[in-house]
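This report refers to the structure that appears directly beneath it.
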Amino acid sequence: MTLWQFAKHNVLRDTETYIAYWLSSVFTVTIFFIFAVNADHPELDQDDSSIQLFMRMASVIVLVFAVMFLSLSIYSFVDRRRRTFGTLRAMGMSRRQLRRMLLAENSLIGASAIVVGMLVGTAFGHLSVLIMARIVRLSNITWKTPLAPIRDTAIGFAVVFVLVTLLLVRGLSRRPILELLSSPGHEAKGVRFSVPLAVVGAVVLLLGYALTFYPRCAGTAPALIDHVLEKTLNYVLIGCFMVGTFLVLSQFVFLAITGIQKHSRRYLRGGNALWVSALLYRLKSGVTSMFISTMLLTAAFCAVTASISLAMSVRADITASIPFAATYYAFGDSDREAGDLALIERELDGNGIDHQQYTLDFILLGEGDDVGLVDTKFVSEEEYGRVTGEHPDLAAGQALDISGASETTGSTVGVDGVGELEVVGAGTRLLDNPRNIDCYVVADQTLQEISQQPRTTSMRAHLFDFDDALHDSGARAFSTTVRNTIGVGMADGESFLFIPRIDEIDADEFSHQIFTYVGVLFSAVFMAASASLIYFRLVSSVRDNLPITRNLHRMGMSLREILRVQRRQLLVLFTVPVLLAVVNTGFAMNYLVMARIASRLLYGRFLIILIPLLALQAGYFAFLSSRFSAKVRIFLKDPQ
């Protein structure tokens, strides 16, 4: 038997251990190949959208992740089989032959994973190109033979498999034979149960959860704390989540189980002592893999939830920040205002868009190149009421905030020559961002006094209200024609601005759909890797437990009771990382809401998206439990 035949026999004989690792490798190769296909297609890179660069960056991230995942997986397999390697060394196998055998085994697994991954990627590659073409609004896109992606994928992953294997195997082959033949080490040896560390872990994780609320209460803490958190909050949150999660898994879980053993009356009932005491060891021996699985699932849940939720809310968020479908601003005395408005009216009518037009005359404090962008703006109570139907009945010296701020009552606005204006409430926002900043409604008499002060400028806002969701294509045609005719305004040194909301919606939808596409693929890779690690941990647990299972069966425990004990142990080992990942993701989404990156609708969408994700995890556990139960049945019938 040649060395390659021996390596092939080793892999095929232990397919149960290698199958999840092989499938996740295939999946990673497939995702890399899909990104490479998108990056290689020339028709997707339209109008300097940088899609090709973005897809290449995503491919590099997948490749880097593959290096870490393969390193962890191969190390776990090699470490578990080290007694076998010690036996082979004792029988005369040289260090070089051992390295060559392991390289041959991983080359077989890697080569087959690369080939199958590229075949699957080829089958779905053009579908991914069609999805991307829809995102960039290409009606027709041609098929392109993915020669370059095949080359890049084959070379990239071949190098990864070979280098990772050589680096890990080199250290193994240098170990003395007696060390290899010694009883295999366990992660439990490096884990010490400590009550102080358990408490610290719980406190750190809870602190991370609490800090997700910080953006809403920034400024209430002491100045030094506010300054530090303002600069480092993201890093502090990541650190708290990672450190807290690891300590909870490695310390706090055991504090809880020990408490159950000492104080629960149900511990000694119904065989609970048997599976709980064995569970303690199983948890200790799998701390590292459980932590990595938790972090992978957290990253996967965050990626898919945030990307899909933000993509779903683009139109609502843009509509909230730009209240009117189109706005034309004229600053000072503009000699082109009438002509531009006539063109806008003509294009709206020509595209069959029913609309209403409102005109507001603002007085701005300040003048210069940035006029209208950051200056304080005032509009009369009468004009505000004509647009909104609201009549605040303001007295002289009072102002109504219409900047969109949640709470400004009690603050003041200073105007030279007029005095301090008291803000008595908040009204309906009318202008887009950033022109909505420092925008107020005042009484007609107060506005007249402000207009007589020096260093003021007039601004007319022409607001066009129509349903740009109903007139989707018409709104785009209208925007394109008007922009091509009158230009962009202030950026070209003109004294006007034209803001069509549909342009902002299209730009944000494009970027969010790209991130959703990439985020969903990344989350799939992370979940596949997590599934592989969980599978290896559970199959190792079942195998290690088979001798104990045989002895319990011989002592009179029924097969049904044995399977119940195993199912409970596996359920805890499987559920703990999933539940921690769900909680971590929930507070990560809370941070996005508190930081105003997403609206409160994210909470509901998170729960909706979580349902299929948890259903997928439940189905995976049901499959594993059924498979492992069948393995125990077969073993007890023929324990030899």
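Just so you know, glycine gets a Cβ as well, placed from its N, Cα and C.
Annotation source TrEMBL lists transmembrane segment at 18-37 (among others).
Sequence-remote contacts of a segment are chain residues at least 6 beyond its ends whose Cβ falls under 8 Å from one of its Cβ atoms, and for the transmembrane segment (57-78) they are 17-18, 21, 24-25, 28, 31-32, 35-36, 39, 85, 102, 106, 152, 156-157, 160-161, 164-165, 167-169, 172, 289, 292, 518, 521-522, 525, 529, 532-533, 536. Taken from TrEMBL, the feature transmembrane segment applies to 57-78 (among others).
Under the heading domain 'ABC3 transporter permease C-terminal', TrEMBL lists 57-176. Sorting each residue of the domain 'ABC3 transporter permease C-terminal' (57-176) by its DSSP state yields 101 helix, 0 strand, 19 coil.
Here TrEMBL flags 108-133 (among others) as transmembrane segment.
According to TrEMBL, the transmembrane segment annotation covers 153-172 (among others).
The annotation transmembrane segment is assigned in TrEMBL to 193-215 (among others).
Residues or ranges marked as transmembrane segment by TrEMBL: 235-260 (among others).
The annotation transmembrane segment is assigned in TrEMBL to 290-312 (among others).
According to TrEMBL, the transmembrane segment annotation covers 514-536 (among others). Note on the transmembrane segment (514-536): residues 17, 20-21, 23-24, 27-28, 31, 34-35, 51, 54, 58, 61-62, 65, 69, 72-73, 76-77, 131-132, 135, 289, 292-293, 296-297, 299-301, 303-304, 306-308, 310-311, 573-574, 577, 616, 620, 624 of its chain, located 6 or more positions outside it, place their CB under 8 angstroms from a CB of the stretch.
The list of residues near the transmembrane segment (570-594) in space but at least 6 beyond its ends in sequence, with Cβ under 8 angstroms from a Cβ of it, reads 208-209, 212-216, 237, 241, 245, 248-249, 253, 279, 282-283, 286, 290, 293-295, 297-298, 300-302, 305-306, 309, 530, 534, 537-538, 541-542, 600, 602-603, 606, 610, 614, 617, 621, 624-625, 628. For 570-594 (among others), the entry in TrEMBL reads transmembrane segment.
The transmembrane segment feature in TrEMBL is assigned to 606-624 (among others). Residues 301, 304-305, 308-309, 527, 531, 535, 538, 570-571, 574-575, 578, 582, 585-586, 589 of the same chain sit 6 or more residues outside the transmembrane segment (606-624) yet have a Cβ under 8 Å from a Cβ within it.
By the count of Cβ pairs under 8 Å, the stretch nearest in packing to the transmembrane segment (193-215) among 18-37, 108-133, 153-172, 235-260 is 235-260.
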